[in-house]
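Asker: First, the structure itself, so that you have it in front of you.
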Amino acid sequence: MAGVKRSIGSMLGHEDALLRPNGHARPRSHYDGITRDNLDPSTPKSQSFRLGDALHSQTPSQNTSQPNSRAASHSVGPNGDQQDGLTRTPSPTFPPLTGQVPDFIPDASMILVGMRGAGKSTLAVMASSAMERKVVDMEQAFQRVTGLSSAAYKAEHGSAECYKQQAKVLQGALQRHSTGCILVCSWMESRVQSLLREFASSHPVIHIVRDADAIQNHLRFRDPTKIRNLLDVSNAIFRSCTNFEFFNVSEKASKSLLARTSMSERSPAPYLTLKHVERHFLKFLSLVYPAGTIPFADSAFPLSRIPTEERNFTYATSIPLTDILGEGVEVEEHVKGADVVQIVVHDLADHAEHGTLTSETSAKLLADITKGIGVVRRSTILPIILHLFLPHTATDEILRVYLDLVHHAVRLAPEMMTVDLRLEDVHISRILSIRKRTKIIGNCFIISDPPSWDSPMWMSWYKKANNLGCHIARLIRPATSIDDNFSINHLKTSVAALQGPKIPLIAYNSGNLGRNSQALNRILTVVRPDSLERVNPKPPITPTITATGATKALFSSFIYDQMKLYVFGANVSYSLSPAMHTAALKACGLPHTYEPVSCSSLRGIKHLIEDPEFGGASVGLPFKVEIITLTHSLSNHARAIGAVNTLIPIRFLNEDGTIPTGAAFLDSVNRAGPIKALYGENTDWIGIRATIRRGLSPANAVVSSTCGLVIGAGGMARATVYAMLQVGIKNIVIYNRTRKNAEKMVSHFTQLLQRKDLGVLSAESEHSRFHVIGSLEDPWPTEYRLPTVIVSCIPTHRIGNVPTPELTLPDEWLESRTGGVAIEWGYKTLDTPFLTQFRKQAHRGWVSMDGLDMLPEQGFAQFELFTGRRAPRRLMRRMVFEAYPVEEAFFSAYVESGEANDPALINRDVHESCKRFYRPISLCDFFGVPPDWSHDNKAYEAGIANNLTKGSLKTCEVENLTIDTEALRAAATTKSDMVFKDGETLVMEHAWILDFSEDGGKVVRVVEFCDQLATRRMVGKVYSEKFGNDAS
């Protein structure tokens, strides 16, 4: 039959699946290609293919295949334990488990299976903490029943009896723990496989996979070949009896980005490196269980609650699987401005071209897809589209592998997956029946000799996807002329005119000539990464535009408008929000501006929020409560907290005058015009919740008796109490200098929990209790456990006439045996007594965190509300930590050099070639130097050394700090107290301009605008022998 052209349906009409359970390919038959005649879905097919035939071609009784002899003879037992001599290795008793995945009840137990060393137990502990479930380890259960470990029992009673006993123990455990538990098992024997398959009919049975190196390190094998063989066998076995698969990405502890300066010494505890694993696994489970079952952190972000296909002008960054698995690829760096990551599996096309499909390459492709999805999901919160590219010229073998890969992909729970619309209806229907929560994109990309958009063939493809139950239809063709970008509207208009339910349509032209249609396509346009140099495959399959480029096109074509964003507050000149948001806006191709505005009252911002180009604002102290008077509507979170930190203009209202919800809420974003309402949101709680979760160790996982301490009673304290309730902390102690305010806050939340009308807290929260401590001298209340979560919500710097607080807590309050996490909201000053106290307790398990940890987290949510785009998280975090240390550390060096009596500290944050200039010119005239005269580092250090012989700066308060990240320049004013050894104190007020190196890490030029009278007085005191006691 080689060389005979047939339809896809007839090619797949064989009874045997391509891949045997052991990974070997079946004999190859050939297929020459897909003809133009069978592209039309309405064309009759010569032979019908039933997907179930290919995927269930072997019943358990028919399956007699064994793993290859090399794998079957190595001396490794079924649990990964080494054996003496040759032993029988279990083989897959069943073919890979496929078929419809059930809808699990929310409290259905799960069982994690896989090789020893895959990380099952660690993942089970993580999930048990988040889901409040009991962990049942099968090996421990075996020992409780028999009094022996499996290895000891096998040695005493033999393998057959051991396997029989394992199955008996597992059967009992599955019957007793069918709900509310997480079971862990490494056993592989045939009776165990049968029990797991049966359990999978109503429960998640998850195969945990890990890279070979990690397994080898855990088992301490010297021969990597044995590990690979063992993994080949175990993967085949576990895939035959599980319905899901999770790749556990190995974590490596890395040096913290924060450990750049002495004032931000942060040595993360070893367990913090596993926080990414926890987030990754919980995200996976949230896609396995019914929606809302898993308390997953990212669900709090605004765009997470709106399906991607319902939003306008969304982008899927396409990254080849081979690049994802390559060395040094940082996924998050390639998805800026995107809404989804599309993983492209193009390997089948390569195999079709070179005829290289073998049992080894087929098995490797399954493993690579598993790992690729794991790597991406570990790296970003963006949803995943898995695009399995089916070649336009293929063999039977290639087509069979395609279906095998589709069914394997469902096990990985991608948010979306493409299915080629050229398949028979029955095949697509079968895939839709087993998809679980994965959304299916019916895909048709005709590369060779495509019909015009006026052809009824395109409507046939759309109707096929719609009628079969796909969630989205994606139709793409290469542009052959500019006119193709206009003719596509014929199809879109025809689809819009269809009666009845309609699925979203993605339709555009590929290639350079099709860029116009790509930019104007509203849903999930496939784009290429900005920064990935090596992109395969070649055009016309490779996207030609980036998410940033497409976004810029929307503004240049006047679909969107440039907006003005602000941060309001009494003194926001030092705010790092402008640096963070400005960098994010630029990275996403958004031309908006974000500026700080300091004002003494809300009257000072009235003209800004009435501007037709006003796009939103971050709200700082002291306006978080007062700003509510200007709003027309509040989110449930803002109402629950009683404070607002984000102001959003609404330009389109519902017919009844209410604020739109869901995707319609975003219609006002990026569009200028009259403002009809102001909407208040609070994202502070998101920042503190994320920080608490990140800082808590496994030993301090939240349980019913966990206690939190909140210091303060203002807007930030309210957000903190709300965040603690969201985390599940039900025992909250509050200390505030003014007890009445603390009691008022307790009354607010007590009433909130009693009302139950906002629907933003769990039912468990109503059992929460509060206690107010009136003084730091009071003993800790005996009815509460010692706190493991402590959050200071009071300012860390002077505000007006209110001095900087010097807060430390009684040592008796910090005696938790497992330590905890201590967080300070502010970030203007990081070396506070509060944080210093906890840094000294690091050896006792205390982790200290500050406003620099929280600011990006709440900023991500604000960015989504301001722009309707996903925040470039890594970039925003980096900008916060890069923008803060250099400026603040530069000024703090003046105080630190005095405290340490070390003049060399003054040059800690400056470049070796830094020059320091002085203004005004009249001061230069006074000292008899030309206006362009400057100090180099050596001379300036010598001057500071002279100063220290007479006195030193005790304070240096930075105000009006403004940072221009593009110009690499900052400006600020400082107010310092110079205290001399004779007791005199001199107040000095200076202004500064700092220029930075290209990486932003060092100061390369300083212009100091000096307080003339104070400077002359200081010089007179320091150099009294030369100038006299009064230089003035």
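Including glycine, each Cβ sits where the backbone N, Cα and C put it.
For 29-39, the entry in TrEMBL reads compositional bias 'Basic and acidic residues'. As annotated by TrEMBL, compositional bias 'Polar residues' applies to 40-49, 56-72, 80-91. Residues or ranges marked as domain 'Shikimate dehydrogenase substrate binding N-terminal' in TrEMBL: 567-647. Among the features that TrEMBL reports, domain 'Quinate/shikimate 5-dehydrogenase/glutamyl-tRNA reductase' is placed at 709-751. What TrEMBL records for 851-878 is domain 'SDH C-terminal'. TrEMBL lists 15-100 with the feature region 'Disordered'.
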Asker: Helix, strand, coil: count each for the residues of the domain 'Shikimate dehydrogenase substrate binding N-terminal' (567-647), based on DSSP.
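Answerer: Tallying H, G and I as helix, E and B as strand, the rest coil: 30 helix, 19 strand, 32 coil.
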Asker: Would you mind listing the long-range same-chain contacts of the domain 'Quinate/shikimate 5-dehydrogenase/glutamyl-tRNA reductase' (709-751), meaning Cβ under 8 Å and 6+ residues beyond its ends?
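Answerer: Same-chain residues near the domain 'Quinate/shikimate 5-dehydrogenase/glutamyl-tRNA reductase' (709-751) but 6 or more away: 295, 300, 621, 624-625, 637, 640-643, 645, 682, 684-686, 688-689, 692-693, 702, 761-762, 764-765, 767-774, 776, 781, 784-785, 787, 789-794, 807, 813, 825.
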Asker: Going by DSSP assignments with H, G and I as helix and E and B as strand, what are the residue counts for the domain 'Quinate/shikimate 5-dehydrogenase/glutamyl-tRNA reductase' (709-751)?
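Answerer: Going by DSSP assignments, the domain 'Quinate/shikimate 5-dehydrogenase/glutamyl-tRNA reductase' (709-751) contains 26 helix, 8 strand, 9 coil.
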Asker: What are the helix, strand and coil residue counts for the domain 'SDH C-terminal' (851-878) according to DSSP?
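Answerer: Each residue of the domain 'SDH C-terminal' (851-878) counted once, the result is 23 helix, 0 strand, 5 coil.
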